[in-house]
Number of protein chains: 2
Amino acid sequence: MSKPLLINGERLWNTLMEHGRIGGTAKGGVCRLALSELDGQGRDLFVHWCKEAGLEVRIDAIGNIFARREGTDPSRPVIAMGSHIDTQPTGGKFDGIYGVMAGLEVLRTLNDKGIQTKAPIEVIAWTNEEGSRFVPVMMGSGVFTGAFTLEHALAATDVDGLAVQDELRKIGYAGEVSPGQVPGGMFGAYFEAHIEQGPVLEAHELTIGVVPGALGQRWYDVVVTGQESHAGTTPMDLRHDALLAASRIVEKVNALGRHFAPYGRGTVGYMQVLPNSRNTIPGTVKFSVDIRALDDGDLLAMEADLKDFIAGLQKADARLQVDMKQVVYFPPCHFDEACIESVRAAAQALGLGHMDVVSGAGHDAVYVADVAPAGMIFVPCKDGISHNEAEDATPEHLAAGAHVLLNAVLKHAS
Amino acid sequence: MSKPLLINGERLWNTLMEHGRIGGTAKGGVCRLALSELDGQGRDLFVHWCKEAGLEVRIDAIGNIFARREGTDPSRPVIAMGSHIDTQPTGGKFDGIYGVMAGLEVLRTLNDKGIQTKAPIEVIAWTNEEGSRFVPVMMGSGVFTGAFTLEHALAATDVDGLAVQDELRKIGYAGEVSPGQVPGGMFGAYFEAHIEQGPVLEAHELTIGVVPGALGQRWYDVVVTGQESHAGTTPMDLRHDALLAASRIVEKVNALGRHFAPYGRGTVGYMQVLPNSRNTIPGTVKFSVDIRALDDGDLLAMEADLKDFIAGLQKADARLQVDMKQVVYFPPCHFDEACIESVRAAAQALGLGHMDVVSGAGHDAVYVADVAPAGMIFVPCKDGISHNEAEDATPEHLAAGAHVLLNAVLKHAS
């Protein structure tokens, strides 16, 4: 790689700050729910800037926005970048919008420097990534890649009964383009820059996360039934304590995550104890189990180990009943080797400290990876906090991520 | 001991069944809240039966009922028996009333057989043992023994603002006698027969529980604060999982109970997880700890061990905060050696299978033990279930307990 190009970090920061005023909250966050009037304003400003930069804008039927800078070789597929404009109800100034504005900044930089690429390049804003107002989550990229149908997505309603198709029309983003249709054919590559939304880069004092993939997830509902009885009159050896059994499962779930380090995760986040009275031994405990891993084989091994452990608990106490039911499954996603390597090489060429950081959360890139080579670039966020008005990132880190994005894209577009 | 006398088991059963109609519920339980109209009817029937048996009835200012059969030696202090007539809102047919009716049956039997005792004998119905409607719990025996003042008890109100003093008057049980005053001086001994309210006798297929004492109790409120974070993006080694720490404390509390077998108890009955979301690592967990033991030294050793354990958790993770605050303390109660031995000897002489069973719950006998030699007799109840309309006991077991009561009382009254 020749001497790496740099984007304009100050312009990127100012662009983010200006855009963050749309839906900006008193606490410094952003509330820009998908397909709300504020989402419409956020889209309009993005489209305005794209046109200002000479990009050609098209909108598809689920409201995804594609802004294109043509290349010199009509036979080359487009190299794409993107993320989303919508936020959580108490969201921050960086989740989503950073990937969109970093893409815009890449194209502005190419304009500034008068660089013509062989392949066309697009920056994309995907519709309703957050899923706060409408499910399915990652709606725009999900329809684009065929994870679910356009009709299903358009019919989705919010808590007030308002439908996606009507809300899209209201804000002027019910486009004509058929989702999944890309002029010149599907992306040659797709890169998404995003804040990490976790603590890993900060803990390692590194700037760039090279993302090998996104964790697969299996979620379960578990109900432990023992026997409710008096905490004073029931000796320890005559108890069937549902909370004790549940506590042992919490410990086991944690151990499973540790065993499959560095990418294993095991979490009990929800728990309800019944009857939940101080001096009554709990008779029933309901809780969630969330296990994640980068390989489905690991996920299945975790599940099998957990089931063995539960069988052991029941063998030790025949009065104990444990019901475990899978309620969610997301398969693991492995990003494209060439895309991963382009991100790593760009970071290296730029002299930026980097490490592999797996994505523990969902992103539009995960759906895109089903139809095109894809990769992601993470930058640190303060204390790993996201989906929170306190979400924060430094101008230097955000610029660094966009430098990497520019150079990775150039490698594929040249 | 000479050939043991026997009470009339059929009469005892019929008396219990007849009395159980007052406040009887469709599910076969009893609802006779303290100082309610039904409690008044229950008291009236007891007093009627006492007078029918030639007993002299007196009522004290907190409504305790004392029914006396005189002895032949005026210098001997009274030997007392008793329990309570009030029930839980969804109570059973045996909790409390069994000890009162077994006492009445003992005196009826002495009448039948024309036996004169040297010491007078009394059967007592203590006011508001359950504490469901008015606190303090064990109100009648508590005032009688000076655990708290008469004024404090009389001023207590129920959820509708009705006061004990007015409710006592309404049902005609605001007596003249000063609580704690007993003709001829304080009891020479006090025996309380009660269903076990636990599973121990049933598990051992034994009939009589000889009660060495009642467990001391220390209750705590514990708050564990870790760090709330995303279950996907936070690797295991960067977590501060409040529920994992809480689960380890649940396991430790259980181990403490086991370590101090057979009388140790360790229970976490209440737990609240925050924010209680499936894919968020819990940041805060609030829970109760209830430890019990027959010796205060054991209780304090349990507490010290638990505090050490918690300090270890915090040493392993400096971001973890654990606050533990004692909210309840009941000291252990050791019953009188001679009374315990009289119960054991009576069971032996009657050829009844027996074992020591500690009381894990509170009873009027625990307060009485502060002012007089006291002991208790437990009989099995089905599945250890009590404070429940399904509470059940067999006529044979109930008769056996009353046989023991008769012979223990005779030993002290002769």
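In case you wondered, yes, glycine gets a Cβ from its N, Cα and C as well.
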Quiz item: Of B:D95, B:D166, B:D356, which does TrEMBL put in the Zn(2+) 2 site with B:E130, B:H387?
Solution: B:D95
Quiz item: So TrEMBL lists B:D95, B:H194 for Zn(2+) 1; which of B:H84, B:H230 goes with them?
Solution: B:H84
Self-check item: Structural state of B:H387 (Zn(2+) 2 binding site), classified by DSSP into three states
Solution: coil
Quiz item: Does DSSP put B:H194 (Zn(2+) 1 binding site) in a helix, in a strand, or in coil?
Solution: strand
Quiz item: Which number gives the other C-beta atoms within 10 angstroms of the C-beta of B:H84 (Zn(2+) 1 binding site), all protein chains shown included?
Solution: 30
Exercise. Filter the binding-site residues B:H84, B:D95, B:H194 down to the ones within 10 angstroms of B:H387 (Zn(2+) 2 binding site), Cα to Cα, kept in sequence order.
Key: B:D95
Exercise. May I have the list of same-chain residues other than B:H84, B:D95, B:H194 whose Cβ is within 8 Å of the Cβ centroid of the recorded Zn(2+) 1 site, in sequence order?
Key: B:S83, B:F94, B:G96, B:I97, B:Y98, B:G99, B:E129, B:I195, B:H363
Quiz item: How many Å lie between the Cα of B:H194 (Zn(2+) 1 binding site) and the Cα of B:E130 (Zn(2+) 2 binding site)?
Solution: 14
Quiz prompt | CB-centroid shell, 8 A cutoff, Zn(2+) 2 site B:D95, B:E130, B:H387, site residues removed | solution = B:T87, B:Q88, B:G91, B:G92, B:G96, B:E129, B:S132, B:Q197, B:S386
Practice problem: Determine the Cβ neighbour count for B:H387 (Zn(2+) 2 binding site): the number of other Cβ atoms within 10 Å of its Cβ. | Solution: 19
Quiz item: For B:H194 (Zn(2+) 1 binding site), what is the tally of other C-beta atoms lying within 10 angstroms of its C-beta?
Solution: 27
